[in-house]
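The compositional bias 'Polar residues' annotation in TrEMBL covers 437-447. Feature annotation from TrEMBL assigns domain 'Major facilitator superfamily (MFS) profile' to 232-447. Here TrEMBL flags 423-447 as region 'Disordered'. Sequence annotations record features per position, and here TrEMBL assigns transmembrane segment to 54-77, 89-112, 118-139, 235-259, 265-287, 299-315, 321-344, 356-378, 390-408.
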């Protein structure tokens, strides 16, 4: 059976969220922790680069180890999120992240901080994020009714984009005024606040299981088969994986490029990285109008095809007017990626069976985020071998490939998205036909 994707409703229809205490607490806690995480995203590379004199390859490793846990435990995390309370899992992940972050300023205070410790902290943050973001995708539909999910996702995505503006600027300013080790301390506080919000939220009613829990291997296989047997989901997952690979390769050497090649101070680096958040806000505002005007398939195609070429301006970044190349080369592709994420998330929201939420999201993220450590390693390696500016040329040229894949797909000729149900899973098909929605926004917006 084939079902057509309905037109995305306006996010303004969100009256139910105003009285939804659990969602408001989640939104407040997540907004704070996203700002803190964005601060750390600048602080850790600055600590390694400026204080510990790490090279491009080491900075790439710091980025890579944050995403390696997706390859190691990404699929089992989906089973855990389906089996156990997602709220409690999120609370423990926040606590673990806060403890790991506190070790950085403590070590810096006694002059014992090393690049190895920063890598270990980054790895622990990545491990906690695997379980948090997977549980988060299961938790949101338990506290938000179906008619309010698009509005809820829009608010959360807006907070993500705002954090990308405020966080790097704050991180750079804190590093300039108080030292880069203050950033992780602020982030630990934001995780503590997020934990308090989750503790104050009521425990939602769990989704009943149809029978006793199957083996871990069998339950992981259900998620893999569901994604693998759907042509559209398979294409969108491959495109997102390639986009993540090239984006992370660029991000892995960005701070080193701006500090050493362009010779900018930490505060200026933070401001420039914050400017990319403007692209996120533009993408949030443009996603629904573009989907209505072009149709969702073509909005997905053009979201990358029309914006990815601007990334070729990034290697031209330099002092003075050369900063315009950075702003356009960073902001416009980010706007396109956010449009892609929002439109694709509405598709996934309508077609995922509720009892497989954790496993489907974990499967897609295992593949999409599994490409990220490879991208970080590739970026660091290219930066070391070719030089930072030449590496950026190679990376931004490769970033055109996801847009080319979408342009060669049947999506460019469709007005509505269609997905064929998996032929070997009739019980999943019937659940999908009930149009039980779920969100696709992760703690990081790389999907």
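Just so you know, glycine gets a Cβ as well, placed from its N, Cα and C.
Any TrEMBL annotation is an automated prediction that lacks curation.
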The transmembrane segment (54-77) versus listed stretches 89-112, 235-259, 265-287, 321-344, 390-408: most Cβ pairs under 8 Å:
235-259
Region pair the transmembrane segment (390-408) / the transmembrane segment (299-315), three or more CB pairs under 8 Å:
yes
Could you check whether the transmembrane segment (356-378) and the transmembrane segment (235-259) come into contact, where contact means at least 3 Cβ pairs under 8 Å with the two residues of each pair 6 or more apart in sequence?
yes
To what whole number does the mean pLDDT across the domain 'Major facilitator superfamily (MFS) profile' (232-447) round?
77
What residues elsewhere in the chain lie close to the transmembrane segment (118-139), defined as a C-beta under 8 angstroms and at least 6 residues from its ends?
26, 40, 44, 47-48, 52, 61-63, 65-70, 73-74, 77-78, 80-82, 86-87, 89-90, 92-94, 96-97, 100-101, 103-104, 184, 204, 357-358, 361-362, 365, 438-444
